[in-house]
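A.B. asks: Found this in TrEMBL, in case it helps:
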DOMAIN    8-30  domain 'Proteasome alpha-type subunits'
Amino acid sequence: MFLTRTEYDRGVNTFSPEGRLFQVEYAIEAIKLGSTAIGIKTKEGVVLAVEKRITSPLLEPSSVEKIMEIDDHIGCAMSGLIADARTLVEHARVETQNHRFSYGEPMTVESTTQALCDLALRFGEGDEESMSRPFGVSLLIAGHDENGPSLYYTDPSGTFWQCNAKAIGSGSEGADSSLQEQFNKDITLKEAETIALSILKQVMEEKTLKDPAKTFKDMERFAQWGLDICQMVDEALVDLAAAARQLLFTHCATSPGKFELSRESYMRLRVKGDLN
């Protein structure tokens, strides 16, 4: 006699008669409530852009970390439960350092992603409370190794794919559609930055700026705390967040037209000390 759906829900390792793991499906649904993150791979490197949600003026914005460094040449953006993401990232950090110590070389991006997904598959095993359910987080893992720039996408089932461009989180459906229209394999890193920021701005406006009569102050808050953007180039994680916020604020305040993130503006902000 078959169990009811409620009883199938209780077991993380129990398949339904239709071949479904409901707890994994619920974890995937949790990601759709998270912040939007976008990754774009180019021949020069990989760009990661993530929406930051600051729910209270009492919250310190720098404590909301949505892009993390795994190793010198690997970083990741996340959407979903941040506590779960930290667990996976810490595991990946240990694996990359063990590999470097044992073999005297950096771990490839694909091997790092595989090690991370191996942990994601261990839910329900043993007596560890932290592994009693699937991880409710999805990651965009970006890196630069002997194979060149790489971008991987992972989900709570422990599956991963290599991508040229990918969006995750609550605005992923619209962002993916925009990426399909705008992405091509010959774009430069600068163009990828512009695309990532413009798409992220678009999906953030759809969710938080539905009223066109929003005040200048609302625009400033949106631009100041609205995103993180980094790039993986030449095995280095470069933070573009301050420049992006400044340019996004200028664009929101002055013109709804074409938006560009220029390298000159980025370097100018860096020289001024606005970009750490």
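Placement of Cβ uses the backbone N, Cα and C atoms for every residue, glycine included.
Since this is a predicted model, take the numbers as computed values, not measurements.
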A.B. asks: Could you please provide the mean pLDDT value for the domain 'Proteasome alpha-type subunits' (8-30)?
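C.D. replies: PLDDT averaged over the stretch: 77.
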A.B. asks: What does DSSP give as the helix, strand and coil breakdown of the domain 'Proteasome alpha-type subunits' (8-30)?
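C.D. replies: Helix, strand and coil residues of the domain 'Proteasome alpha-type subunits' (8-30) number 12 helix, 0 strand, 11 coil.
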